Each structure stands twice: as structure tokens, then as C-alpha cells.
Amino acid sequence: MKEITIALVGQPNVGKSSLINALSNAHLKVGNFAGVTVDKMEVGLIHKEHQITIIDLPGTYALNDFTTEEKVTKDFLEKGQYDLILNVVDSTNLERNLALSAQLLDTNKKMLLALNMWDEAQKEGIKINTEKLSKELGVVCVPTSARSKEDRLNTELLLDEIVRLYSQNTTNNENIKVPSQSFKESLKYSQSAQRIAQLVISENQQNASFEHTYKIDKILMHKRYGIFIFLGFMFIIFSLSFLIGGGVQKALETGFKFLSDGIKENVANEDLASLVGDGIIGGVGATVSFLPLIVVLYFGISLLETTGYMSRVAFLLDGILHKFGLHGKSFIPLITGFGCSVPAYMATRTLQNYNERLITLFVIGFMSCSARLPIYVLFVGSFFPSSSAGFVLFCIYILGAVVALVMAKLLKLSVFKGQTESFIMEMPKYRFPSWRMVYFSIYTKSLSYLKKAGTYILVGAILIWFMSQYPKSDAAMKAYKQESLLVNKDTTLSSEAKEEKLKELKTELDKKNLKNSIVGRGGAYLEKVFSPMDFDWRLSVSLVTGFMAKEVVVSTLGVLFSLGDQNEKSDAFRGILRKEVSVPSGIAFIVFVMFYIPCFAATITFGREAGGIKFVAYLFIFTTVVAYAFSLIAFYATQILV
């Protein structure tokens, strides 16, 4: 079977992801370029006995060295191993896209042109003469549409053309050199694009869609209440995630509890039963049960992104962000931080100003990622009535964003002083949501979450279980055996009373063994550090394990609080939390989780993006001080108010 490697190149917002998913019917696989923290996307498929690998390069307007995307794309085109270039252009904005196409043609590599969003161009009255365009460029041009299965156009034809072009014996396998554009060269490419566009676009009638966009923008982009509309959307998303996802979550909790109890009742070996029931199922199950809430959150944010609304919010907030030392482009990394800090850190590469980029990097962690959502849901459900849970959750996220702005201003005034840059960004058109893209977004992110639960969260839960079980206390075990013997010999007690008494003795033994374990001994020292907020050793230990992954906080608590009557765990041990943790401590714990250092993977990504290990040390100090200070304030404020 012959192998074909394709470099997929195009400007931002031309639908490359939609096209690549339509071609492959698969999900993109993420891989890192060596030494650069920018993602490339790879997908493989088989077509007519050819193994085709498509490499989706970062969206770029030109092959210069101005932005990281441009550098990465240019570097791959010069040094990467590929057979041909598939240039994706937006049919509704052909002239602007052809400037990049003209530059790609100068590489002398085999090339195809995909005229994407062809259906939208037709609706807008734009008619493109593809034969004339192919003649002018000297490459095959294929109209494509990939937003949905119903509207899919020419995907098979495009694959046929890829195979045909590859089969031609004109491959240039030598490394090429793409020179950076001077102003004169940029002007040449722009004039060439303008000339070709005028030749091939035979009709361009304005239609009602432009008027509709203008009317929608007058409302959503209003300079006074536009921000409140955005906050309203976010409030609805968070409320629905608690309302809809919460019901499914409780069903999952019940299922995991039933499974855990069944194993502990039917497995004879007590340690093995505890490992599987409390360690594996209790730890991993506590994490997996929060997936429905995360799915609803991803769904809401994906809808806002695919309609083109999120990019407009960046413009809407540019003035506010500049006042706090940030840039309008900072909004995209910040809002991405609600999903995961890793891609959020990577998204800062669009910021050209060094100081603004570092400020954004330092405050992204205050935007609560989806991994923290299970912790919030657990504690909000424990200390607040269900009727107000959605509002409290919304306030948590808003507070994180407000603190991020305040800290950004402090960093701007103290550490990262300098001039700000103006904001130039393409405004995409409003579009109906692509349900296929929304599905792919939710699917891939949910799958990533489940993979975490099945890998290092599982490992973390098992490690926490072992460290919480060993070493056993010989003295406690000896006392337990003696007292159990006395209870069994006591003829004055009924069988029910004996069973209850033995259960109390077992609970006491478990508590003593836990305090004598590795976790218990380490937690005793950590408890001193967090004593001002009255965190017990279990809460303290969970914060440390949370550095591995924030989801591990819930699984750690699930293991450490798995004592006593297991029937009390009906609501993901919320009842136990209410008994064991005071309201001020619970609120302080939420606040600390909001602001302390992100997970290990995110921290490593931060270090690469910021410029080295010293910045990781700065991040640890910065986030720890902020988290501790605000947690302390929350603790004493709650004590006064409650």
C-alpha cells in the first residue's frame, strides 16, 4: 500500500477542521512539533489502496516569521516530510485567501486547492469560475463543503484528486526555502490575489445575511449591555450543567456505590475488597460520575464558539482587558482556560507583545478548568442548597475571572511594564452551529477526560489507597482483637447490638490505621500548614495530590473519607463532608482550589510557553500566595457571616 503525506495549509477560520473530519470520518490526533509548543493535528485514512496521512498545520495568513503559527507552518513546509500541499480557502472571501495560495505556489511543491464553504458562497450570491481559477493558478481547484453530512460536497472527488496528483512523477522531495516577505513581496502577492479574484468571481451579490449579521451585532456587541448578555449566556451554561448534568451524575454515583458495595460484600479478602471497592471504584468512580456536568459545559461553550460569537466577545472585552494590562487576544486563551489550561497556555502564542503574553500566561490558571468542576460540584452540593447551586457555581467562575483581571493589573504595574499593542483580529461570520463539529468537540474532550480517569487517576487512586492503608498500627490491631473478643463473649448484648458494637470498633481501627499510614503521617505535617483555614489532614493531602491532576482531588477524598457506614456515601460522600468539614473550611477549600497551581501537565506546558523552569518557580510562588491569601480571607469572612 502506497503512503501519501499531505500538508494541510490555510488561513484561520476557513474550515480546515471540518474538512479533515469529513475526509476521514475520524477524530484528529494531536502531536507536538519538536521543541515548539504548537500543536499539529494528524489523521490517517485509506482511499483506493493508499494510506493517506493529513497533517493539519496551524492557521496562518502568510509564511513569515511574525507569529508562532507562521514560524511553525513555514518551518514544516521547509523541512517536513510530505508529498503535496492541500491549500484550503474560504470561498466567501477568496481574494484574501489567494494571497497565501500565491505564496504556497512559489514553493514549487505539488498542490491542490480546496474551495471550502462552497455552499455558503452560493447562498451569498458568490459565483466562482473554478476552471478559470485552475488555469490562473496552475493547480486543480475542487469546491468543497464539510459542515454536515447533508451538505457535504466533493470530499470523495478531493481524495481522488489527491491520489491522482500523487501518482504524477513530478514530486519535488528536496527541502525548500520559503523567504520571509518584504513589504514589496507582500504587495505583489496581494495584487496577484486581487487580479485573480476579479477574473474568476463573476457575480457577488450582497444578500440578507450581511444585514442579519449587522442587526445581531447591534444587540450582542452593544458597548453598554453586550457584556451582560455574554455573562447571561455563561450563567445559563453553568446552571444547565448543574441542572441537567447533576441528575445523571447522581445516577452514576448510585451505580458506582452499588458496584462498590457488591464487591466488598462478596470478596472474602478484606484488603482486596477495600482496594477494589474503596480505592479503584471509589476513587475513579467519584471522578467519572462528574462527566455529565462537564459534557453540558463543553456543549454550551462549543455552541458559542461554532456560531462565531466567542471571537466577537474578544472585541467586546478588548477595552476592559487593556485597562487590566491584557490584550483583546488574551480573551481566547482565558476563555479556553475554562476547558483546559494546556491548550489555553498554547493559545497565548497569538500574542506578539512579550509582556502581555507573560501576564496572560500567569493568570490563565485562575480561570477554572473543567477538571476543577467536580471539586466545586462536590463542595457546593455539600454546603449549599440545590436550588442555589447553579448560581453559586456561576459566582465561582466569575470570581476567578475577576481575580485574574486584578492580578493581571498588579503584574502590569509591578513586573511586566511596557507599551500595549492595538488589537487586530478577523471577525468571523455568524453561522448556525455545526452539530458535527460540536459533537466532535464534546466527544474528544470527554474521551480525554475518561482516559485520565482510566490512566493516572486510576494509578493515583491506587497509590493513595496503599499509602492510606499501610503501615498498619500493631497496637491498634491488638486492642481491636481484645475488645472484639470481649464483645463476642458478652452475653448481655443482643446479636444486633453486638454487630453494631463490632462495627464501631472496626471504624475506630480504620481511623487509627489511617492516621498511622504514610498518608496520615504526611497529612499531619500538611495540616499544620493549612491550620489557619482549619483544613484537616485529608483535605490537605488532597490538595497535594491535586497537582498530579485536579480530578485526583475528588478521588483522593473519595478514598480518605471511605470510613464508617458505607450507606452514608449515597451522595458522593456529601453527607460525610458536611459532618467532617465546617462551612468556613469548605468555602476556603473551594477558594484555594480556584487559585493554586494548575496540574502537572499544564505546569509543564506553562514552563515551555513562558521560557523555562524559573518561570515555573515564579508561577508556584505566585499562585500559592494568591490561593492562600484569598482562602484565608474566605475562611474568616464566612466565619463572620455564618
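Going from the start of the chain as shown, residues are counted 1 onward.
Cβ coordinates come from backbone N, Cα and C, glycine included.
So that you can see what the record holds, here are the features copied from Swiss-Prot:
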BINDING   Gly10, Gln11, Pro12, Asn13, Val14, Gly15, Lys16, Ser17  GTP 1 binding site
BINDING   Gly35, Val36, Thr37, Val38, Asp39  GTP 2 binding site
BINDING   Asp56, Leu57, Pro58, Gly59  GTP 3 binding site
BINDING   Asn116, Met117, Trp118, Asp119, Ser145, Ala146, Arg147  GTP binding site
DOMAIN    3-168  domain 'FeoB-type G'
TRANSMEM  226-246  transmembrane segment
TRANSMEM  279-299  transmembrane segment
TRANSMEM  361-381  transmembrane segment
TRANSMEM  388-408  transmembrane segment
TRANSMEM  447-467  transmembrane segment
TRANSMEM  541-561  transmembrane segment
TRANSMEM  586-606  transmembrane segment
TRANSMEM  615-635  transmembrane segment
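Distribution of Swiss-Prot features across the structure.
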{"residue": "Gly10", "record": "GTP 1 binding site", "CB count, 10 Å": "27"}
{"residue": "Gln11", "record": "GTP 1 binding site", "CB count, 10 Å": "21"}
{"residue": "Asn13", "record": "GTP 1 binding site", "CB count, 10 Å": "16"}
{"residue": "Val14", "record": "GTP 1 binding site", "CB count, 10 Å": "23"}
{"residue": "Lys16", "record": "GTP 1 binding site", "CB count, 10 Å": "24"}
{"residue": "Ser17", "record": "GTP 1 binding site", "CB count, 10 Å": "19"}
{"residue": "Leu57", "record": "GTP 3 binding site", "CB count, 10 Å": "25"}
{"residue": "Pro58", "record": "GTP 3 binding site", "CB count, 10 Å": "24"}
{"residue": "Asn116", "record": "GTP binding site", "CB count, 10 Å": "29"}
{"residue": "Asp119", "record": "GTP binding site", "CB count, 10 Å": "19"}
Report task. Compare 226-246, 279-299, 388-408, 541-561, 586-606 by their Cβ pairs under 8 Å to the transmembrane segment (615-635) and return the stretch that comes out on top. Result -> 586-606
Query raised in the report: Taking Cα atoms as reference points, which of the binding-site residues Pro12, Val14, Lys16, Gly59 is nearest to Trp118 (GTP binding site)?
Result: Val14
Query - Whole-number Å value for how far Gly15 (GTP 1 binding site) lies from Gly59 (GTP 3 binding site) (Cα to Cα) - result: 10
**Report entry** Local backbone state of Ser145 (GTP binding site), from DSSP in three classes
**Finding:** strand
Query raised in the report: Want to know which binding-site residues, from Asp56, Asn116, Asp119, Ala146, are within 10 Å of Lys16 (GTP 1 binding site) at Cα; which are they?
Result: Asp56, Asn116, Ala146
**Report entry** Range from 226-246, 279-299, 586-606 with the greatest count of C-beta pairs under 8 A to the transmembrane segment (388-408)
**Finding:** 226-246
Query - Which of 279-299, 361-381, 586-606 contacts the transmembrane segment (226-246) most, counting Cβ pairs under 8 Å - result: 279-299
Report summary line: For the transmembrane segment (361-381), the distant same-chain contacts (Cβ-Cβ under 8 Å, at least six residues beyond its ends) come to 241-242, 246, 249, 286-287, 289-290, 293-294, 297-298, 326, 333-335, 337-341, 344-345, 348, 389, 392-393, 396-397, 400-401, 403-405, 407-408, 411, 445, 449, 549-551, 553-554, 557, 571-572, 574, 577, 586, 589-590, 593-595, 597-599, 602, 606, 609-610, 615, 618-619, 622-623, 626
Query raised in the report: Using DSSP and three states only, what is Gly10 (GTP 1 binding site)?
Result: strand
Query raised in the report: Where does Ser17 (GTP 1 binding site) sit by DSSP, helix, strand or coil?
Result: helix
Report task. Within 10 Å of the Cβ of Asp56 (GTP 3 binding site), how many other Cβ atoms can you find? Include all protein chains, please. Result -> 23
Query - Least surrounded among the binding-site residues, given as Pro12, Gly15, Gly59, when other CB atoms within 10 Å are counted - result: Pro12
Report task. Based on DSSP, name the secondary structure state of Asn116 (GTP binding site): helix, strand or coil. Result -> strand
Query raised in the report: Restricting the comparison to the binding-site residues Val14, Ser17, Asp56, Leu57, Pro58, which residue's C-alpha is spatially nearest the C-alpha of Asn116 (GTP binding site)?
Result: Val14
Report summary line: All chains considered, the count of other Cβ atoms within 10 Å of the Cβ of Ser145 (GTP binding site) is 24
Requested in this report: For the domain 'FeoB-type G' (3-168), provide the mean pLDDT of the predicted model.
Outcome: 81
**Report entry** Asp56, Met117, Ser145, Ala146 screened against Ser17 (GTP 1 binding site), Cα within 10 Å - retained binding-site residues
**Finding:** Asp56, Ala146
